[in-house]
Amino acid sequence: MTTISAPSEPYRAVRWWLISVAALIALMVLVGGATRLTESGLSIVEWKLVTGSLPPLSAAQWTEAFEAYKKIPQYRELNAGMSLSEFKEIFWWEWSHRLLGRFIGVAYLLPFLFFLWRGGLSRELKRRLWLLFALGGLQGAVGWWMVASGLSERVEVSQYRLATHLVLALLIFAGIVWTVRRLKERAQIAAPARLRFTSALLLVVTFVQIYLGALVAGLRAGRAYNTWPEIDGALIPSAERLWFETPWWRNMFDNVLTVQFEHRMTAYALFVLAALHAFDAVRSRAGLAASGALWLFAAVSLQAVLGILTLLNQVPIGLALAHQAVAIAVLTLAVMQTERLASRQSAETQPRVVPVSQPG
């Protein structure tokens, strides 16, 4: 049987496919952010995987959708008297968010099946791609679980479920970014072990900050305490105000003041850690890791400025979405920096021998 050696970049097509999916996920997160900021997330009160792909196409269908929305607490307590045209405005945001989610599922699954049929994927890569697909399916379920939390007793979705939904989306995104980088041969960067540790720590703190940011969003905490650097009249609020709920740990997730304070403090920690990592990388002459650290520090700095401006201006949609977009950029750079400094031994990059006479 005649065979040919795999090309120098055996996974070039796979990489571009995954890059496209990652870009779609980033767009999905931003559309989700706009859906939340416009209070549109509860405008569709049911989940229909297939038939839900089509919006209302007649006046009767629009009336039916609007009447269903009128039955939930959000309409009765916040939007009573809303017109049909106003309902359509919030409906389109949520419908677009769900449609994009379906499109991402198709954009991932169909090429994945093709690459499986074509062959040439390593066992490790196939396991990773199946895991990402499973997480994508879980994300769809988590999205409906989140929406369901606001349909019976609340006028908004649970901040816990919102944070879970966002973090899972960006965990999938980060997994794809890591996988894309692992699919291309790169020389191992000679750098001190402490740089590998601080890059990984930066990635962990970035995820923690994203989670806290989602809690802030879910509690509408960005519309309170709109001063900086003071919060509630002081640099550090009083313990009585921070910890008045019982049990004490609930304040970390439910107390608007405490959650915003946590988000601020974590932002400061992330800024300092990024600065120290960049200084150490440059001083250590770590090559590409030094430039990567500087880019990461620049993104964290920009994110801090945007966060302050968003707070001081009481969360205008444009600034809030810019803040969310730069958060995705910070996460991307943190993943790239961690992968750059990690061990380069990877099963995904092993060349394969592909038979000419058959697909795989």
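Keep in mind that glycine also has a Cβ here, set from the backbone N, Cα and C atoms.
According to Swiss-Prot, the protein carries these features:
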- His263, His323: heme binding site (BINDING)
- 13-33: transmembrane segment (TRANSMEM)
- 99-119: transmembrane segment (TRANSMEM)
- 129-149: transmembrane segment (TRANSMEM)
- 160-180: transmembrane segment (TRANSMEM)
- 199-219: transmembrane segment (TRANSMEM)
- 265-282: transmembrane segment (TRANSMEM)
- 292-312: transmembrane segment (TRANSMEM)
- 315-335: transmembrane segment (TRANSMEM)
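Nonlocal intrachain contacts for the transmembrane segment (129-149), taken as residues 6+ away from its ends with a CB within less than 8 angstroms of a stretch CB, comprise 41-42, 44, 47, 98, 101, 104-105, 108-109, 112, 121, 157-158, 161-162, 164-165, 168-169, 171-172, 175-176, 179. With a threshold of 8 Å between CB atoms, the same-chain residues lying at least 6 positions outside the transmembrane segment (292-312) that come near it are 195, 199, 202, 222, 225-228, 267, 270-271, 274-275, 277-278, 280-282, 286, 319-320, 322-323, 326-327, 329-330, 333-334, 336-337, 340.
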